[in-house]
Amino acid sequence: MPTSPRHFLVDTDLTQQEQSEVLDLARRLKADRWAHRPYAGPQTVALLFDKTSTRTRVSFATGIADLGGSPLVVNPGESQLGKESVADTARVFSRMVSTIVWRTYAQEGLEEMAAASDVPVVNGLSDAYHPCQILADLLTVREHRGDPAGRTFAYLGDAANNMAHSYLLGGATAGMHVRVAGPEGYLPDPAVVAAAEERAASTGGSVRVTTDPDEALAGADVVCTDTWVSMGQEAEREARARIFAPYAVDAAALAKADPEAVFLHCLPAFRGCEVTAEVLEGPQSVVWDEAENRLHAQKALLVWLMARSGRYDLATGS
Ligand code: CP
Ligand code: NVA
């Protein structure tokens, strides 16, 4: 019997145990990729995009098809969303589809959608968070460095953006020591830092926010950055290039981390800005595995959310 839907709007919507369950399932689904064993989880899944996307769009559409469901991609201007309310949209969609994935601007919109939806709502990126990306990143860390718990994670660059916020919350949930370095004025929302600290206190992780890139990098197991110009910030491109220049990840920066450190970037990447081509294409970069892992992590998330919403039995597979 359906119960209240579980949503995934922000990284802390999953506990450490639940995040680990999703990642375990992702590993199994990755190993079984070509076994053509559809789960009865998602049927039609709505994929709503208010911003452009390559990885999120392709990984969800492919993953839903792998699971035996159908992706319904709705681009900006193709539905009445924006003319009728988010809540009315949620009511109608949730009478028809099994899950709603939405890439949008305001986190509040996702919260409004979830409050009115009878089916799981998933954040496909908002201005505030990108939690699906962190699941893929944690799966990648597991594959290359083992259990993320106790590992040190260094993020450099725009520390006020969606990726920085999700690394703080998702990394702390995984029990990582998350260090985030960015310039004054571009540091994380203090409320997000407080939430990450609270989560870290129960997982054995920790959180450090600094303006000193070397402090973040020292001995780190994972080094990570993101574009300096997020979607919607294009007019600030030149100013941002100057402000963030000291936080670029080049070979000298990477050398300050642990010699076995892996480099992550959610992509799209801008070589010569936040990361050099040498690092992005170098032996420590695992960004293509990371991109592929969007597929496996999100398949697991969709199945898990359906199961936890009472619509699918993970044990019996029906
Ligand atoms: N990393 C990521 O979300 O990529 P897209 O913007 O291409 O979906
Ligand atoms: N911070 C970037 C992430 C892109 C996946 C943006 O919001 O554009």
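Residue positions begin at 1 at the first shown residue.
Glycine is no exception: its Cβ is also placed from the backbone N, Cα and C atoms.
TrEMBL: automatically predicted annotations, no manual curation.
The domain 'Aspartate/ornithine carbamoyltransferase carbamoyl-P binding' annotation in TrEMBL covers 6-143. Across the domain 'Aspartate/ornithine carbamoyltransferase carbamoyl-P binding' (6-143), the model assigns an average pLDDT of 94.
Under DSSP, R294 (carbamoyl phosphate binding site) is assigned to a helix (H, G or I) in the three-state scheme. The Cβ neighbour count for R294 (carbamoyl phosphate binding site), using a 10 Å radius over every protein chain in view, is 25. Feature annotation from TrEMBL assigns carbamoyl phosphate binding site to S53, T54, R55, T56, Q80, R103, H130, P131, C132, Q133, C266, L267, R294.
According to TrEMBL, the feature domain 'Aspartate/ornithine carbamoyltransferase Asp/Orn-binding' maps to 150-305.
Annotated L-ornithine binding site per TrEMBL: N162, D226, S230, M231, in sequence order. D226 (L-ornithine binding site) has a Cβ environment of 27 other Cβ atoms inside 10 Å. Annotation note: D226 (L-ornithine binding site) sits in a coil segment as assigned by DSSP.
Each residue in the domain 'Aspartate/ornithine carbamoyltransferase carbamoyl-P binding' (6-143) gets a DSSP state, and the totals come to 66 helix, 22 strand, 50 coil. Selection of the binding-site residues S53, R55, Q80, C132, N162 by a Cβ distance under 6 Å from ligand 2 yields, in sequence order, N162. The binding-site residues under consideration are C132, M231. Their Cβ neighbour counts within 10 Å are lowest for M231. In this view, the densest Cβ surroundings among the binding-site residues S53, Q80, N162, S230 belong to N162, judged by other Cβ atoms lying within 10 Å.
Taken in sequence order, the binding-site residues S53, R55, N162, M231, C266 that lie near ligand 1, meaning a CB under 6 Å from one of its atoms, are S53, R55, C266.
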